[in-house]
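J.: Copying in the features that TrEMBL gives for the protein in this structure:
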REGION    1-137  region 'Disordered'
COMPBIAS  25-34  compositional bias 'Basic and acidic residues'
COMPBIAS  35-51  compositional bias 'Acidic residues'
COMPBIAS  61-74  compositional bias 'Acidic residues'
COMPBIAS  75-89  compositional bias 'Basic and acidic residues'
COMPBIAS  90-108  compositional bias 'Acidic residues'
DOMAIN    139-394  domain 'BOP1 N-terminal'
REPEAT    401-442  repeat 'WD'
Amino acid sequence: MTKKNQGANEDQVKEPKRKIVPLKSQKEDVKSLKEEEDLLLDSGTDSDYDGDSLSGSLNSDDFDSDIFESEDDDDSHRETEGDSGHEGSDEVVDSEDGEEEDGSDDEGSEQREVAEESDSSEDEVAPRNTVGDVPLEWYKDEKHIGYDITGKKITKKEKRDKLDSFLATMDDSKNWRKVYDEYNDEEVELTKEESKLIRRMLKGEAPHADFDPYAPYVDWFKWEDAIHPLSSAPEPKRRFIPSKWEAKKVVKLVRAIRKGLIKFDKPEEEPNVYLLWGDDSASDQKSKHLTYIPPPKLKLPGHEESYNPSLEYIPSEEEKASYELMYEEDRPKFIPKRFTSLRSIPAYENALKESFDRCLDLYLCPRVRKKRINIDPESLKPKLPSRKDLRPYPNSCYLEYKGHTGPVTSISTECSGQWIASGSTDGSVRIWEVETGRCLKVWQFDEAVKCVAWNPLPDFPILAVAMGVDLFFLNTELGTDEEQQRIEELLRLDNLPELDEAAAAIAKWLPDEKYRGIKIRHFKNLSYIDWHPRGDYLSAVMPGGETRGVVIHQLSAHSTKRLPIKMRGLPVCTLFHPNHRGLFIIATKKYVRVYNLHKNGEPIKKLETGLREISSMAIHPGGDNLVVGSKEGKMCWFDMDLSSKPYKILKNHPKDITNVGFHRSYPLFASCSEDSTAYVFHGKVYSDLNENPLIVPLEILRGHSSKGGVLDCKFHPRQPWLFTAGGDSVIKLYCH
């Protein structure tokens, strides 16, 4: 046989084999189904099934078993043998029927194109449910899930509970291959090919095994004559700048829009209509009008308003008689009655009245929308540090100083902290030793002592005492001999300077022969005195003096100076600034004002307290923060660099605050009140101006009797101790 004859025979064999593709595909489908059933039966006993995995859940470990590899090898071997057998049979059939099928080349080619182009699994098995794009949620309340191709309803399967489904999965070894098809309401079991695809995808490989990710590179460019690259020219500038032609096009479009040549479709305006007789709660008026509030609904009728109610709703004659004795407001508005039929029911006598009352309720009763804020109260509390971390601070009474017979109105500590002076309404001034409580010295006067103040300089242990209209400078005789000589020279009035008429009308310097000191007599009663930090100047406050209510005495010059300030309001207390020499702070009943005495009393700042009446005032050793106490139990903390309004307002005492004070070295401040308590606070001022002061309440000190309360409180200059003077004529020392 020649080569031409062999080629012709091969062509004749190949042509019919292409023409009967549908027949061959059907045979292969039948064979593949049988092989899959055998494979699933074999793999059911040896599958790596995990009882915890539910139906439809796939893991990469499930597809990495060696079972599939062995099955794939056996199946591939079977397929090769089966394919060879089928090919041989097909050749025989094709050779016999070749003449009949020569005339149907067009039909065979169309079928061949369809078989080659279609690779979708949906073409092989048609979906059982034919509802199309209809959402399955529409069948949620129905007994069926859709319709099959004949138009019959596909009923839903009964849903098993979780326990039954779990037991079924435990008994079924092929459960890991099953996936629930919600569209057709059935469980689909994955075939061998699908499991292979999923296994390869979970491994990160290509789905099809025939795909070669490392195919040889085909270089389509001919390099015989190309010694150099195609172009080595630099990139043109036009690729890095905006296109001028595009800009011209945009300008052209903008001009056309402005001239009206290009018009856009306007959005359709929705008609502003609403249901006149519709339900107000369901309308969209709430979204359009924020202030709209639907009226309250009427109470729906119950069983008692039926025309034939039960006997239990019908009142007896005694109950009806009791209704007549009740007030009209308490009397029930409707009394149930019983009728045999609807035709025998008369007209409701209160129908018109109730309709009118309903209209009045809708028209006259105001309806206000109240915003309800759900906030955890604990989240509103400020996060404060623990009191244990803020120690030391005074918390317990350590010592009591007894000796006065009247309420102790004022106390003052010596700069070294060894001595404390006190004044009482019994007219006595006493000096106590702090550590032992021993009374060292007593001065007795005819009037009640209003205020005592110790000179801040350690070399001049001089005590200033204010009572009535007199101000005394007393020598405490506590220093060395040299210091006593200087003090005696300072308190000797030999050559008094001539005072101007204004100062002479306010105060007069006189020698005190009884106690060998100095007495200054004022024209009004004194209420408060305060030393300058340098110990030479002393300010005196006379509330009844009005514009002349504040004066400054100079001890070294034995002179009195009137402030060049126009007082606005009655003065309460004064303070010298601890750092700036010329700044002077005056507190009236409503406001606190800061003046510069070096610039002829120029006002610098006015602090608005918002209090009813100021009672006391204290300044921080740094000089930038101020605490003001009031007669309404409130205490205001001012950051003078920050604002003229209070940084914090503390409401602690139910009664009047008598005095407030800062510690010189520890971050502590305290307040005392007529309620017989003293509050100790932690008040730390940071050097960083961007950080606010930290205020933490620490302790409530009790111990004084309710008679008179606590009239004064002072900190120890060096230790975290607090002295309190009570109306019970006792001075208490609180230590940490």
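Including glycine, each Cβ sits where the backbone N, Cα and C put it.
Please treat TrEMBL annotations as automatic predictions, because they have not gone through curation.
Relative to the rest of the structure, where do these features sit?
T.: Confidence over the domain 'BOP1 N-terminal' (139-394), given as mean pLDDT on the 0 to 100 scale, stands at 83.
Away from its own ends, the repeat 'WD' (401-442) comes close to residues 448-458, 461, 463, 465, 467, 474, 476-478, 708, 711-719, 723, 725-733 of its chain (Cβ-Cβ under 8 Å, at least six residues beyond either end).
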J.: Could you give the number of helix, strand and coil residues in the repeat 'WD' (401-442) as assigned by DSSP?
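T.: Each residue of the repeat 'WD' (401-442) counted once, the result is 0 helix, 24 strand, 18 coil.
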